[in-house]
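Scroll down for the structure; my scribbles are underneath it.
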């Protein structure tokens with residue numbers, strides 16, 4: 001290795017920065033995060049550094065550099081656009097065996113600044129040794145996204161308990177297993193949810209040998225495209241012991257689940273295999289009570305026609321910790337991939353989401369509200385009742401010529417979008433593969449212009465709506 005990675009304690013140690021511009025300010029801010037005593041030499045300071053001097057956070061010691069300024073400092077940074085001055089700083093520092101960094105000049109660096117992921121006291125440094133700074137930055141961005149924000153507080157709390165854990169658990173193996181279980185279990189989840197005091201109590205309980213504490217995370221998988229799964233959702237499924245998934249979760253997303261996790265199908269469809277909701281609710285509770293990290297993985301968003309609230313009510317009644325990771329609901333994802341904006345200043349000032357699959361004792365639908373003009377109506381699970389939906393909307397004032405779309409398998413490679421009018425909605429729905437979403441409203445007329453996803457956009461001739469009259473024409 002060309003550089004030996006070292007973490008330096010700069011707390012109250014003097015560091016000299018030569019330069020007063022933007023690059024110098026960037027280095028100064030990094031050094032201040034480490035509580036260094038920053039001394040500045042520069043002809044003039046930019047506004048940011050001037051403010052730091054006025055706040056007594058840094059010391060402006062001189063306008064001109066001379067060798068004596070290096071005598072009692074721990075590190076030296078040269079951050080000017082004057083090559084001759086940078087060379088002078090480097091030579092003086094080298095002659096006095098001081099570690100020096102000349103910014104953007106690898107040949108004149110006895111130490112370099114890595115890209116930093118800061119979850120203090122947890123820190124990760126990434127460096128290419130100056131060979132590929134952009135690559136190091138890209139790696140840092142990926143790690144930044146993958147490492148949860150609560151790592152720092154987790155390390156802080158754990159550090160304060162190390163002595164007590166060592167007293168109670170006598171062997172290294174016992175302590176290792178304890179910490180691994182703690183960091184991968186309910187303790188971590190509570191910290192993730194910002195429940196600090198509850199997490200401390202959990203740690204104390206974990207020291208009781210017969211204690212087992214599981215938890216449940218309700219995760220929205222999004223509409224199908226694995227790229228639309230959130231980073232937090234990805235973290236959850238890669239830490240799970242058990243994943244209960246439904247029929248709307250794509251195979252691509254299931255491939256991202258931790259390899260040794262148990263996968264349990266609990267899906268339901270309007271027609272086909274069914275798993276009773278009560279059975280799913282109880283299974284979630286039972287698995288958590290066994291001390292397992294359970295993920296309930298749902299298509300779309302768990303709180304949008306996903307019955308997520310019903311499942312969490314059961315967990316709450318039994319005192320089982322849970323968390324929720326929202327997902328992109330189908331109405332958002334599928335319409336975006338179909339080039340249909342849900343709102344548009346000229347055509348729709350509101351959007352309404354409804355389900356076509358309701359409880360048997362559900363109250364009557366307010367068709368008059370749903371049939372309003374200047375709004376977009378999105379119907380989940382409505383293809384089997386498309387004829388009734390079309391008839392009712394027309395009965396309450398929606399024109400038969402109102403544009404409609406039936407989007408099947410939204411955001412996936414197999415996505416298929418059919419365009420028509422309210423008059424022939426039932427016919428479109430009958431041909432639509434499931435799962436499918438119905439969109440009703442003038443915004444559908446923008447599909448032909450804004451569609452961007454899927455090769456069939458260019459391979460097929462679709463009905464075209466003129467934006468003023470909404471009269472159906474055929475593309476010549």
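Along the chain as shown, the residues are counted starting at 1.
Just so it is clear, glycine is given a Cβ too, placed from its N, Cα and C backbone atoms.
Under the heading region 'Precorrin-2 dehydrogenase /sirohydrochlorin ferrochelatase', Swiss-Prot lists 1-203.
Residues or ranges marked as NAD(+) binding site by Swiss-Prot: 22, 23, 43, 44. According to DSSP, residue 43 (NAD(+) binding site) is assigned to coil rather than to any helix or strand.
What Swiss-Prot lists as phosphoserine is 128. Long-range C-beta contacts of residue 128 (phosphoserine), restricted to its own chain and to partners at least six residues apart, with a cutoff below 8 Å, comprise 135, 136. Under the three-state DSSP scheme, residue 128 (phosphoserine) falls in the coil class.
According to Swiss-Prot, the region 'Uroporphyrinogen-III C-methyltransferase' annotation covers 214-476.
Its Cβ taken as reference, residue 300 (S-adenosyl-L-methionine binding site) is surrounded by 29 other Cβ atoms within 10 Å in the chains shown. According to DSSP, residue 300 (S-adenosyl-L-methionine binding site) is assigned to a strand segment. Annotated S-adenosyl-L-methionine binding site per Swiss-Prot: 223, 299, 300, 301, 304, 329, 330, 381, 410, in sequence order, evidence recorded as sequence analysis.
Annotation source Swiss-Prot lists active site, proton acceptor at 246. Long-range C-beta contacts of residue 246 (active site, proton acceptor), restricted to its own chain and to partners at least six residues apart, with a cutoff below 8 Å, comprise 265, 266, 267, 268, 297, 298, 299. Annotation note: residue 246 (active site, proton acceptor) sits in a coil segment as assigned by DSSP.
The active site, proton donor annotation in Swiss-Prot covers 268. Mapped onto three states, the DSSP output places residue 268 (active site, proton donor) in strand. A simple way to gauge crowding: the CB of residue 268 (active site, proton donor) has 16 other CB atoms within 10 angstroms, across all the protein chains here.
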Measuring Cα to Cα, how many Å separate residue 22 (NAD(+) binding site) from residue 300 (S-adenosyl-L-methionine binding site)?
44
Whose Cβ, among the binding-site residues 223, 410, has more other Cβ atoms within 10 Å than any of the rest?
223
Let me know how many other Cβ atoms fall within 10 Å of the Cβ of residue 43 (NAD(+) binding site).
13
Given the recorded NAD(+) site (22, 23, 43, 44), which additional residues of the same chain have their Cβ within 8 Å of the Cβ centre, ordered by sequence?
19, 20, 21, 24, 25, 42, 45, 46, 49, 79, 80
Look up residue 330 (S-adenosyl-L-methionine binding site) in the DSSP assignment and report helix, strand or coil.
helix
